[in-house]
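To start, the structure itself, in structure tokens.
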């Protein structure tokens, strides 16, 4: 008796079904411990993210301060700052993905809400937890390094000299689009079903997206692409120039997230065509 061997180049079929969309409003979530555990995870993750990254920014500025006769080429440089942001996102998404989804960013949460991946209640509460975590994270930085914090700008986002607000807004839109598009692609369940033979660690490309966007946009806006990050630094530093530019770091990321959600769901995943086909098939002749 011989053993059947599949033909070369053939793969066993793997059934795939899109998960159902999250309900718009799900009051039942408020009665579950897993919901509050997810909020705690988002709060702590955003706190740690801001603490490490803002410390890195302030440390870099202090080691290259010309007033202290410091080496202008010393410190971690823009490359090191970008690695700090991207590396922390990689670590924190890896740690929290199984608990809260590892959003750590209101723009990511907003994009996933538009794609019906999370409910309105969860999206709103995630954003509150993320903003509170960011404020607390930057507050810790100031508490431990008050003199350096005040001297070197508190790691707050603002539009750099020589750039107009339109340029800053465009940089935030495109940068957030890159991030949220990467989140959708890296966490797409269809990719996991189709390419199960290719191991994909979702936090890795997400962290690299943050790293690459920071390299490109630090000279323009200091790189927001995360409204909680920008708000936390603005609340603790609390200077007029920072608040004047704050709208850029909310409007830009939310527009970029919305475009990424639309592009992935309705163009790449052909959501509009599927919906139209389903409507036609259910319409009697």
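Cβ atoms are placed via backbone N, Cα and C, with glycine included.
Remember, it's a predicted structure, so these values are computed and weren't measured experimentally.
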If you look at how TrEMBL annotates this chain, which of 198-220, 221-243 comes out as transmembrane segment?
198-220
Looking at 17-38, 39-60, which one is transmembrane segment according to TrEMBL?
39-60
Would you say the transmembrane segment (80-102) and the transmembrane segment (198-220) are in contact under the rule of three or more C-beta pairs closer than 8 Å, pairs 6 or more apart in sequence?
yes
Give me the stretch from 39-60, 80-102, 123-144, 168-186 with the greatest number of Cβ pairs under 8 Å to the transmembrane segment (247-268).
168-186
